[in-house]
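J.: According to Swiss-Prot, the record shows the following:
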DOMAIN    53-145  domain 'PPIase FKBP-type'
REPEAT    178-211  repeat 'TPR 1'
REPEAT    230-263  repeat 'TPR 2'
REPEAT    264-297  repeat 'TPR 3'
REGION    329-392  region 'Disordered'
COMPBIAS  335-346  compositional bias 'Pro residues'
COMPBIAS  355-366  compositional bias 'Pro residues'
């Protein structure tokens, strides 16, 4: 089948190269569309810009998810499964293609850890770059032009037919999934599966951060999301404590307290992290702050102070033993032996011929004076500072 068709869209022309099968799919919001594509210029050579088959990885987009190149959703929803079609698109539809292409190329080269899909995250920031890092894309960005897209529709999945990633969810769906992820994280934490629990908390935080970008900072809805984010972040930090990643805990809790200095749990969690890395003064200061803000936590604070005292005593004893061992090793080390003397050359054989004129003797350097003092001892090593030791 080879027919030229005009879609009911300005600046788009469709030519079917190979007919599809079945009826037109039901492209509802949330449907996943999987396809191969080839992008070409409209010059005589039909210069290829991108081809998904070259990386052996189909493209996929989610219908209704604000894809970067909006015209592609229009093109795909006009196709049947296994159909191959060529679309000519005018400049009004192709202006952002260089930005999309840059993302796709970087992903194909392994520079992006996600799969080969693209959605509208940080699109506006992309315009701040003076160069896209590819000469052909820089040229397209400077002088937008019509492009040809050859698309083969491979598969259409309903929203219920695949596991949707959180970035694919609508705002309403993200708000609904956050408490589910939160509860699952708590369940996994109680089972001691801290790595899995931390992943659930992280996923929920990402959902909330995405929603928060759409609100005006410090207004009611933004603050509501911020409170939820802080709660999940502190749960995440408790997973990190279990995994002995103390410095990351210090980073997250300090960031929370910079913006919200009244959160008691943040001081408490940070105090525990300080104690684990022998920051005694900082741990005590945070525990004191906990008591000031929440006197009812006196019992828990006393317990942490006892643990801190025991930890510091163990550390001091460990360092005392280390220093004593170094001193004893230095005292028992034998003095260095003097260097061996070089072997003397054998006497020259007597000649029976007429005596030759003796060669001129080179001037000899004076011998080095021997030191009469005792051998030097190696310098003693400095003990590790308790505040910077990495031992746990």
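From the backbone N, Cα and C atoms, a Cβ is placed for every residue, glycine too.
Let's see these features in context: how buried, what's close, how far.
T.: Non-local neighbours of the repeat 'TPR 1' (178-211) in the same chain are 121, 166-167, 169, 171, 225, 228-229, 232-233, 235-236, 238-240, 242-243; each lies 6+ residues outside the stretch with a CB under 8 Å from one of its CB atoms.
A mean pLDDT of 95 is what the model gives for the repeat 'TPR 2' (230-263).
The DSSP breakdown of the repeat 'TPR 3' (264-297), given as helix, strand and coil counts, is 30 helix, 0 strand, 4 coil.
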J.: Give the residue counts of the repeat 'TPR 1' (178-211) per reduced DSSP state, in the order helix, strand, coil.
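T.: DSSP composition of the repeat 'TPR 1' (178-211): 31 helix, 0 strand, 3 coil.
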J.: What does the DSSP secondary structure composition of the repeat 'TPR 2' (230-263) look like, as residue counts for helix, strand and coil?
T.: 27 helix, 0 strand, 7 coil
